[in-house]
Structure formats: C-alpha cells, structure tokens
Amino acid sequence: MAQTAMSETYDFLFKFLVIGNAGTGKSCLLHQFIEKKFKDDSNHTIGVEFGSKIINVGGKYVKLQIWDTAGQERFRSVTRSYYRGAAGALLVYDITSRETYNALTNWLTDARMLASQNIVIILCGNKKDLDADREVTFLEASRFAQENELMFLETSALTGENVEEAFMQCARKILNKIESGELDPERMGSGIQYGDAALRQLRSPRRTQAPSAQECGC
C-alpha cells in the first residue's frame, strides 16, 4: 500500500491530447509510452481512449493524463469536447502517408481554438521505422513545425524510438512555462493541476512562519 501511495505522489498533473488522422499510430504511441511495448492488435480508436503515467521532469514528478482521440471524421464532434483545458498535445502524422500530413493544419486549428490558449504542441512524424516507404521528408515537416511554432520529432511506436522523448519534451516545455510565470496552474482551463507534493510545499512555508511571528511578539 505504501508503494502505491508513493507512486501516486506528484508535483503537477498535465492534461495531454494525442491527435491526428486515423491510422497514424496514435494508440500505438500511447501504448508504447505507458507499457514500453508495441500494441500488435491496434484497431482504430472509437471515440476516445485514456492512459496516464507519472514521469520525472528535471526533478519534478508530473502525472500525464493522456487522451487518445479518434482520427475519423465521424468522431470529430465527440473528440472535440475533450480538447477543452488540454495543456499539451502530440500532433501525429504518418511519414509514409502524404494524406495524414496534409491534414495537420486542420488538427492544429482545432487544438489551438478549442484547448488551452497556451497549449504546447509537439509534431510527431510516426512510423520512422518505415523509412523506405517515406512520403514526407524530415526537412518538409521540420519547416512546417517551425512555421507553426511547434516542437518536432520523428517517432516509431514499433521500436519505441523518440516516443518517451516526445512526451518528455512537451512536459518539459510546460514545466518551464510554469516556472517562468507564463503559465498559471490555478487559472481555469490551463490543463494543469497541482499534485499533493506541490501543495504540501506551497503550504509548508505558512506553517513554519506562524511560530516565528509569535516568538517575535514575546
């Protein structure tokens, strides 16, 4: 029981989205990140799937609540409701499919319109292991990311390459924005919550200041 309690102790909770066309490997990326293995029997997501994981980002423990959204158009009205209050997102395309790359602008527009106004997005060119079938060059996607102020990585849900790094980079940037004051976890719709560990740190100075004030009055 003690180990379970310790494993659930975290400083911050971030709401994440995984968005992009159907067939880009979004569910496989989520499964690889959480389970550290490839999801062989992956079917198209119907509606929304959910996963969570606690990661260590520069000494802070961050719990990611990750919503994997369906990429098919018929589910868009359902999945859009989950965008609200997301702090971060993985915007995924398939490097072997020009069609999934061409759809990125629509997904990006939705994310920036419906999620937190300060949402941090990383572009992920998935299926890096299928380089021989590539239809989208690294340079082209890199330019798209730069033009739209996105971070960018190519990933492989099959081999695990850059999968954890994608989530880590996104979480690290959010954490940096909190520490610089650009993001306020207490603002409604930020997609960020303080965890128990952070709340204890926020309260502890008040407890230590009270006795010293009394001592001064004596």
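Using the three backbone atoms N, Cα and C, a Cβ is placed for every residue, glycine included.
The GTP binding site annotation in Swiss-Prot covers 23-28, Ser42, 44-45, Gly71, 126-127, Asp129, 157-158. A simple way to gauge crowding: the CB of Gly25 (GTP binding site) has 26 other CB atoms within 10 angstroms, across all the protein chains here.
Residues or ranges marked as Mg(2+) binding site in Swiss-Prot (evidence: similarity to another entry): Ser27, Thr45, Asp68.
For Cys216 (among others), the entry in Swiss-Prot reads S-geranylgeranyl cysteine.
Per Swiss-Prot, S-geranylgeranyl cysteine is recorded for Cys218 (among others).
What Swiss-Prot records for Gln72 is 5-glutamyl serotonin, and it gives similarity to another entry as the kind of evidence.
Less than 8 angstroms from the CB of Ser190 (phosphoserine) sit Gly85, Ala87, Ser116, Asn118, Leu183, Asp184, each of them six or more residues away in the same chain. Look at Ser190 (phosphoserine): DSSP puts it in coil. Sequence annotations record features per position, and here Swiss-Prot assigns phosphoserine to Ser190 (among others) based on similarity to another entry.
The annotation phosphoserine is assigned in Swiss-Prot to Ser204 (among others) on the grounds of similarity to another entry.
Here Swiss-Prot flags Cys218 as cysteine methyl ester, drawing on similarity to another entry.
The annotation motif 'Switch 1' is assigned in Swiss-Prot to 44-49.
Taken from Swiss-Prot, the feature motif 'Switch 2' covers 70-79, and the record attributes it to similarity to another entry.
The secondary structure of Ser27 (GTP binding site), as reduced to three states from DSSP, is helical. Put plainly, the binding-site residues Ser27, Asn126 were compared by Cβ crowding within 10 Å, and the winner is Asn126.
Asp68 (Mg(2+) binding site) is 13 Å away from Gly23 (GTP binding site) when you measure Cα to Cα. Of all Cβ atoms in the shown protein chains, 18 besides its own fall within 10 Å of the Cβ of Leu158 (GTP binding site).
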